[in-house]
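Enquirer: Structure incoming, see below.
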Amino acid sequence: MQLNMLKSKIHRATVTEANLNYVGSITIDRELMESAHIIEYEKIQVVDIDNGNRLETYVIAGEKGSKVICLNGAAARHVQPGDKVILMTYCQMDEEEAKIHKPIVIFLDENNSIFQITDYEKHGQVK
């Protein structure tokens, strides 16, 4: 049996742009992608903290160091620039792998700069 497990999480990213006229996807600063072990075209879940919307799309790489978080196409209707979002990717593994798996979690400040990277997340606790 394969389990779907959290692979990567970018916590409290600030949406910098919403581009309705783009084909689709989310553009993420390549530096943030690399830090979170996210690759281009990977499926990603976007959770908007400000309005509760959840959606899935795929990732395209933005300019390294740009701090861009831009929802494109139809996804742009679900967010506003300035909204805080949680970005999550998942992986499949068997139960034995899942027992020892640790996701990568990166925390961003209001400018989308990384202030913490961890592989541990429990309710109310960060290491």
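Just so you know, glycine gets a Cβ as well, placed from its N, Cα and C.
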Enquirer: Can you find which of Thr57, Thr118 Swiss-Prot lists as binding substrate at the same site as Gly73, Ala74, Ala75?
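Expert: Candidate in the recorded substrate site: Thr57.
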Enquirer: Could you tally the C-beta atoms, other than its own, that fall within 10 angstroms of the C-beta of Gly73 (substrate binding site)?
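Expert: Other Cβ atoms found within 10 Å: 16.
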Enquirer: Within its own chain, what residues at least 6 apart in sequence put their Cβ under 8 Å from the Cβ of Ser25 (active site, schiff-base intermediate with substrate), listed in sequence order?
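Expert: Spatial neighbours, sequence-distant, of Ser25 (active site, schiff-base intermediate with substrate): Thr57, Tyr58, Val59, Ile60, Asn72, Gly73, Ala75.
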Enquirer: Cβ-Cβ under 8 Å from Ala74 (substrate binding site), same chain, 6 or more residues apart: which ones?
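Expert: Once residues fewer than 6 apart are set aside, Ala74 (substrate binding site) is near Leu20, Gly24.
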